[in-house]
Each structure stands twice: as structure tokens, then as C-alpha cells.
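Per Swiss-Prot, the features are:
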DOMAIN    52-116  domain 'S1 motif 1'
DOMAIN    134-199  domain 'S1 motif 2'
DOMAIN    220-288  domain 'S1 motif 3'
DOMAIN    305-375  domain 'S1 motif 4'
DOMAIN    392-462  domain 'S1 motif 5'
DOMAIN    479-548  domain 'S1 motif 6'
Amino acid sequence: MPKQAEYTWGSKKILDNIECLTEDVAEFKDLLYTAHRITSSEEESDNEIQPGAILKGTVVDINKDFVVVDVGLKSEGVIPMSEFIDSSEGLVLGAEVEVYLDQAEDEEGKVVLSREKATRQRQWEYILAHCEEGSIVKGQITRKVKGGLIVDIGMEAFLPGSQIDNKKIKNLDDYVGKVCEFKILKINVERRNIVVSRRELLEAERISKKAELIEQISIGEYRKGVVKNITDFGVFLDLDGIDGLLHITDMTWKRIRHPSEMVELNQELEVIILSVDKEKGRVALGLKQKEHNPWEDIEKKYPPGKRVLGKIVKLLPYGAFIEIEEGIEGLIHISEMSWVKNIVDPSEVVNKGDEVEAIVLSIQKDEGKISLGLKQTERNPWDNIEEKYPIGLHVNAEIKNLTNYGAFVELEPGIEGLIHISDMSWIKKVSHPSELFKKGNSVEAVILSVDKESKKITLGVKQLSSNPWNEIEAMFPAGTVISGVVTKITAFGAFVELQNGIEGLIHVSELSDKPFAKIEDIISIGENVSAKVIKLDPDHKKVSLSVKEYLADNAYDQDSRTELDFKDSQGPKERKKKGK
């Protein structure tokens, strides 16, 4: 008979409104119990697995966008296909893969898994197990980031810009894709990042190579190197790991101002080893030593006095360099450019690129110097200067320059003489030549002296006439009365111009026999005066005059003139009254 059966399942009650046999009810009860036990076991298992764990799962479905993985939890995880790119070749249904548990259950009750995080975790565990700071690892530079590059060493590591290379870096992109060895500088466990260096390995390799090369290298050996740096004093070459200096003086037998005239960066050169300092790790290189030294037989080839033809290659304030053959230059000093001109700048005579003839003056083989002369190719006009301009010769010359001490005149092109200020006038005290002469004017003068060695000629103008002071005693003996014009008034007297331009002085004490306050009260410039010569001093060119003595000698005439002048000063009426 059908009956209503009531069953309990823990705290739950199940009511079956069905008819069944007693044995069927017992079997169904067992099935329900088994299902309950399995479900409880899965829930307990889910609670034991924590996010962050790496699980093994089975691929149960694959499409172009996702991979479905069963890790034995209550739901399957869906992982983007992009996370399987590196291992997509072995990705098939049923394949076993490791995944990272992000979440055991999201908002929708699904398991969240990651293949990429699992891979990174395993890489990090490998690094910690097998590497430490200072370890050498191999990796590939994958991309450029701010401040440096990212390197794949099994996981991503940071390569700072300062640790990329041991030479100057122009473009970081040039390093992307390169596979190199790196040294681990720092491992940060908390942040899970690694800093590596390529530069330290390169530097260590360079030092090792340098030490090895220093031991192997020998003087006189030929080596190839690449120009890595150019300075004012020379060129540094990379000799396969060791730096060598090619000094500017060892680059060429010619004169160069800067190494860049001969070489450029990254240029390969074959050089000769000149010296090796093993203690300091320095190598001196030579380039010119590979060629014949043109200075070896220079003294035979260019003896002093030989005339040479060359090209002006350089002008400097003190002279001009002339190249007389490849690698051989000589200096024409500014003092050797002209016999007669005072050259201030070489460009007054020659220009760069000019071809000129010169005479070899001297050679300093050890110093690599040749002195040349340009003026020596012409006759020296001073050689016969004494015959051409004998003392006493009268000449007409143009005034070229005026100075405080005299006037320079040109006797012929390049030959000048000096008229000293003391040789300009016998009688006039000249303060400056411009009082008598003007630049550009012609003047007649007489040759006074010629100094061939120092190239000096002196002339005189006053010597064209006799010295009036030699005849002064005859012209103006003491006691003579003279007349002259007042030319200058000073505090001590008045100067009067006499015959032939000679000046005499009326001292203030000799101006009058009457008292006066100022000289100007009794005499003025331009006034004609009469005076008596009271003293002559030809050696010192002085003539002393006296108005007072002149007046005393002519007292009567002076008194008469004074009385007459007084009468003339009275009016006719006054004189008439006086007469009454």
C-alpha cells in the first residue's frame, strides 16, 4: 500500500509524497548521504586553499580568446589566451598547467586564475633559490623605460641608464633586443624587483684585458686602434680594451694646431707603440714615426744662406710660417721681413697662401725649427748708407711724424732720420716740434750723424745757418742801447725780442727806477721798449737788459721829456694863468 514516508537529513526534513517500496527508500537515503558527504568535502577543500597559491589544473576547453582550466575547485577558471602565448604550442585539451589563484570566488561565485602570475612567481622563486646580489645572469633587453631599460632574465629586471655601458650612450633604442650578461646589483624581496648592471661587467672585462694587453704589448710594435676621444693635446685610441695616447707632437712631422685637423672620432688608425708604463697602465703612441723623418738630413739639405721657395701657411703676431716641403716649416720672424720698415703685423708684408722666397738663417734640428729671412733676399739699403748720406749733406725730406722729442723725416722709402728738438733752432726755445713744423711738409736739413749698426740718422735744421750766439758779443756789446718788442711777461721780468730773433730779459728789478705794483702797470706785450745791455752769457744763451740804467743814462732827456709832457698835458688856459 502506498504510504507517506518522512525522512530527516540532519536538521532538514524531507517529505516525499510518493509511493515507493521500503527497500527503495533505503537506497535513496544512501545516495543522498553520499552526495552530502562529497559536497561537504569540497567546501572544506575550498576553505583550505588560499589566494596566492599556485595550483595545478587541467585544460578542459580552448578557444581563440580564453582557456578554461579545472583546478578541482567548485568551479572552473577562465584565463585569457594572451597569458599562454609563450607556451601556446603545447596547449591542448587535457594538458596540465600551473596557475595562480587570484580569488577562490569572485562576486559571481567563479574562481579567478592567472597563468601569467604563476609564471612570474615561479621565476621569482627560481631567482631567490639560484641567484644573489653579485650573481651573473644572462638576459635580453626588451624595452626602454624612464631612466633605463627592462631586461628579461627569466623575470623582468631594471637596468639603469648609468649601468648600461662604459662609454657614452647616444640612443637607448640601439640596445633593445640585445642579449647580454648582467650583474645583479640589488634584489628587493619586498617589492619583488631586481636591479642589474652591464657596465660593471664591461669595466671588469676592460680592466682584465688591459692588464693582459699591458703585459703583451711591446715598444716598436704596430697596433690598430679606434679614435675614442680628441683633445687639444692629442688623441686617445682604444687598442682593443686599453687606452693609448697619441700626442699632437707625434701625429705628424708637420705643424698642426689641433688633432682634429688629421683625425675624427671612431676612425681606425694604425700606430706604433712608443712607450709603455706598466705600473700606471699608460701607453704612448706614434703616427709620424711610421714615416721617414724629414729632419734627419735637414742641415745638409738647407744650409744657412740657401735661398728657398715656400708657401705661407700660417700668420702669427710674431711672424709667418712658410712650408718649404711636406712636413718642413720655417719661421720668418717679423724682424726679418724688412730692412727699412718697422713691421707691426706680418700681414703688412705677406698673406696666407702667398708663395715667397726666403733665405735660411739658422737651423735647430733637435727642436725642429728653421729661421728664415725675407729681407735678406734684397739688398740692405743700410750697407752703403754712410756713403749715400755723409755728414754735412744738405737734404730735403718729408716730415712723417712729430713726437715730443723731435720730428721724423723720410730721406727715401724706408729710410728715416730724426731732427731732435734741440737741433731745430739756435735761438728759440722749442717746447714741441709742432711750433715749427707740420706733418707732411718738406723741410731742409743737414746730416749730423749716421749710425749704420743701429740704423739711425740724425739731422739738424739750425745747423743750416751760423750760430748767432757766437757773434752776440760783437752785435750787442755790454752798454749798447737796443730796441725791441716785448714778447712775454713773467713774474720775474719781461722778455724782449732783439735782432735775429734773440731774446733778452729785463729783470723786474731793471724795469723802472720808480716803484710799481705789477709789471703790467708799466709795460705790456707788443710794446716797443728801449733798454741797455748790461750782461752777456753766450754759453747759456742769455742777454740781460735794463730799462732803469737806460733811463739813468738819459736822465736829462727823460726829465725834459717829462716836463714837456707835463706842459702838453695842461690846457692852454692853465698855461696862460700860470704865465701871469
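Think of each number as a place in line: the chain as shown, counted from 1.
In case you wondered, yes, glycine gets a Cβ from its N, Cα and C as well.
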Within the domain 'S1 motif 4' (305-375), residues counted as helix, strand or coil by DSSP: 7 helix, 38 strand, 26 coil
DSSP residue counts for the domain 'S1 motif 5' (392-462), split into helix, strand and coil: 7 helix, 37 strand, 27 coil
For the domain 'S1 motif 1' (52-116), residues assigned helix / strand / coil by DSSP: 12 helix, 29 strand, 24 coil
DSSP-derived helix, strand and coil totals, residue by residue, for the domain 'S1 motif 3' (220-288): 7 helix, 34 strand, 28 coil
